[in-house]
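Asker: Take this structure, written in structure tokens, and hold onto it; I'll ask about it next.
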Amino acid sequence: MGVNLSSILIKHETSLKDNSGSIVSVDAYNIIYQFLSSIRGDDGEPLKDSNGNITSHLSGIFYRTSNLLENNIKPVYVFDGKPFHLKSETLRERSLIKEKNIMKLEEAIASNDDAKIRSLSSRINYITDDIVNESKTLLNLMGLPYVQAPSEGEAQASYMTLKGDVNAVVSQDYDCLLFGAKRILRNFTVYGRRRIAGTSRTINVNPEIIDLNENLSNLGISREQLIYIGILTGTDFNPGVKGIGAKTALSLIKKYNDIYSVIKIKNIGIDNLDEIIEFFMNPPHNDYEIKFNEPDFDGIIDFLCGKHNFSESRVNETLEKISRNYKKDHQSSLDRFF
């Protein structure tokens, strides 16, 4: 998903403790998709309530977000609006990949291949309107604000860092850097020992922070030139140029200065080039208000335990931590006022 700039970027290992006191914008669709993929039962299936409704996203939002709050990190979830029209081909390709994985899953089920069943199941996820609406309901009950983007969520989330209202964007996607995010936090909600898809092996995944200005300075380029590099390698809005990865694209842009010179000299065709550059430089965004409210503890129990069969003892244990954190934060605000 998105642009792959990993090979040319400086990344620093970080932790929740390192980011204590921060307000962060969360690329909601990106993170919810991660929850749906990773929070699953032993059979590889997503968590479900007694009515068969998927609840992996609710588990992720409640427990992982509570962990952020416990570390004095305040999240503002940002939800996607209408996709940019040039994203249609990417969405179509993702749909085809899911269809192929569904066919492979059916074959794995027929042959009782448990390893393949678990691996393929984790790749077949859909963020439905119900999943989005229930995510927003839970955030409201937790007293957490969310922002509705007019288009791409990572663009809105990145804009919020440019305004100085949040410290970083929580997302797996490097696209945020093209949209101007000052900092992105990767592996911030799902970390630790993680299983490698399709195998029994695990790797240790650590949170990392990527600073835009540090990387631009290190690479000796501007943000617009970083966008050029992204376009050459491929984004959600264009397929990229065959044979050009991030390192080659960087070399070309540093040699020829801009993408127009590159495509002319190399005889490359890129459709909708000006429109893509403009969208990354000046994406649409909505006005917003960031206001944190007192959690509705009874409402959370009714919603998670009453409606979705969460363990009441585990939910209450987490709510006690949220309550302590809220009271501590509220008292700190009063102390600053007086």
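Heads up, the Cβ atoms here are built off N, Cα and C, so glycines get one too.
Keep in mind the model is a prediction, meaning the values are calculated, not measured.
What Swiss-Prot shows for this protein is this:
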type	residues	note
REGION	1-98	region 'N-domain'
BINDING	ASP27, ASP80, GLU152, GLU154	Mg(2+) 1 binding site
REGION	116-257	region 'I-domain'
BINDING	ASP173, ASP175, ASP236	Mg(2+) 2 binding site
REGION	330-338	region 'Interaction with PCNA'
Asker: Give the helix, strand or coil assignment DSSP yields for ASP175 (Mg(2+) 2 binding site).
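Answerer: DSSP assigns ASP175 (Mg(2+) 2 binding site) to helix.
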Asker: Given the model, what does the mean pLDDT over the region 'N-domain' (1-98) come out as?
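Answerer: Averaged over the region 'N-domain' (1-98), per-residue pLDDT gives 88.
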Asker: Can you give me the residues near the recorded Mg(2+) 1 site, meaning same chain, not ASP27, ASP80, GLU152, GLU154 themselves, Cβ no more than 8 Å from the center of the site's Cβ atoms?
Answerer: ALA28, TYR29, ASN30, VAL78, ALA149, GLY153, ALA155, GLN156, ALA157, SER171, ASP173, ASP175
Asker: Sequence order is fine: just name those binding-site residues in ASP173, ASP175, ASP236 with a Cα within 10 angstroms of ASP27 (Mg(2+) 1 binding site).
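Answerer: Checking Cα-Cα distances against ASP27 (Mg(2+) 1 binding site), the binding-site residues within 10 Å turn out to be ASP173.
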Asker: Could you tell me the C-alpha distance between ASP173 (Mg(2+) 2 binding site) and GLU154 (Mg(2+) 1 binding site) in angstrom, no decimals?
Answerer: 8
Asker: Just how many other Cβ atoms lie inside 10 Å of the Cβ on GLU152 (Mg(2+) 1 binding site)?
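Answerer: Looking across every protein chain shown, the total is 29.
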Asker: Just the number: how many Å between the Cα atoms of GLU154 (Mg(2+) 1 binding site) and ASP175 (Mg(2+) 2 binding site)?
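Answerer: Approximately 7 Å lies between the Cα of GLU154 (Mg(2+) 1 binding site) and that of ASP175 (Mg(2+) 2 binding site).
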Asker: Tell me the Cα distance separating GLU152 (Mg(2+) 1 binding site) from ASP175 (Mg(2+) 2 binding site), rounded to the nearest angstrom.
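Answerer: Pair distance, Cα basis, whole Å: 10 Å.
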